[in-house]
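> The structure under discussion is supplied below as structure tokens; questions concerning it will follow.
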Amino acid sequence: MNTPTHTSTQAAPLSQDELKTLVGQAALQYVVPGEVVGVGTGSTVNKFIDALATMKDQIKGAVSSSVASTERLQALGIQVFEAAEVESLSVYIDGADEIDHQGNMVKGGGAALTREKIVAAQSKMFVCIADESKLVDALGAFPLPVEVIPMATARVMRQFAAMGGSAKVRLKDGQPLVTDNGQHIVDVTGLKISDPLQFETDVSQWPGVVTVGVFAHQKAQVCLLGTSTGVKTLTF
Ligand code: 5RP
């Protein structure tokens, strides 16, 4: 006897890439017509930039957090302003490597953390766009990016080791990666970041540290999270 076959009508779960597209499009609702928008860096932001191109005639332009985002914005016909040309931005839209339930983030997987923090600091609202894999109970599983002046790298790595962490210089093609600001990145694992605000305050003061990838002082006010059931809006 033949076993009956069951055909399922259930849709396949959305891929991570599709979730990024969803949140990139959802972020358009936070863009203020007639204004300049702050734009972050990364694969999720690339989806946002593509969506932003559909309303480029309604905005003045963008302040970008990296050379890569600037090139993508310009290729789509969106004017890019220097950060110094714009006093304040209503909104900054960017991704994250990790975001906790208070809106604190780890960022810098794309090595753009310094400019991201600068643009976030001049923005009234940070809207984080992320797929659900980025939501964590506590920061620290993702290797923490820290941008460092090369002369200080060895000492900064020893300071992290003394805290129980393990730091590695990020490489590109076998050489230390050089950021848009001409500096290096160390990625630190094994840290417990139980107080993100204090951690960011402390590490930011170490000589030679340009930017630590904990965003607690510039945390998100909103997170558009791509989930299997659609875009979830978290507010902090
Ligand atoms: C770049 C970043 C990115 O926002 C972060 O790495 C997330 O990237 P993606 O959207 O590709 O997952 O901080 O420096």
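Quick reminder: no glycine exception, Cβ is built from N, Cα and C everywhere.
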> Quick check on the annotation: TrEMBL has T41, G42, S43, T44, D94, G95, A96, D97, K107, G108, G109, G110 binding substrate, so which of K134, K168, K172, K192 does it put in that site too?
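Of the residues offered, the record points to K134.
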> Scan T41, S43, D94, K134 for binding-site residues whose C-beta lands under 6 Å from an atom of ligand 1 and note them, or write none.
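Correct list: T41, S43, D94.
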> Need the DSSP three-state call for K134 (substrate binding site) to compare against my parser.
helix
> Whose Cβ lies within 8 Å of the mean position of the Cβ atoms of T41, G42, S43, T44, D94, G95, A96, D97, K107, G108, G109, G110, K134, the substrate site, other than those residues?
G40, V45, A112, A130
> At the level of the C-alpha atoms, what whole-angstrom distance separates K134 (substrate binding site) and E116 (active site, proton acceptor)?
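Cα-Cα, rounded: 18 Å.
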> Of all the binding-site residues given, K107, K134, which residue's CB has the most CB neighbours within 10 A?
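Top count of Cβ atoms within 10 Å goes to K107.
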> Minimum Cβ neighbour count within 10 Å among the recorded positions S43, D94, E116: which residue?
S43
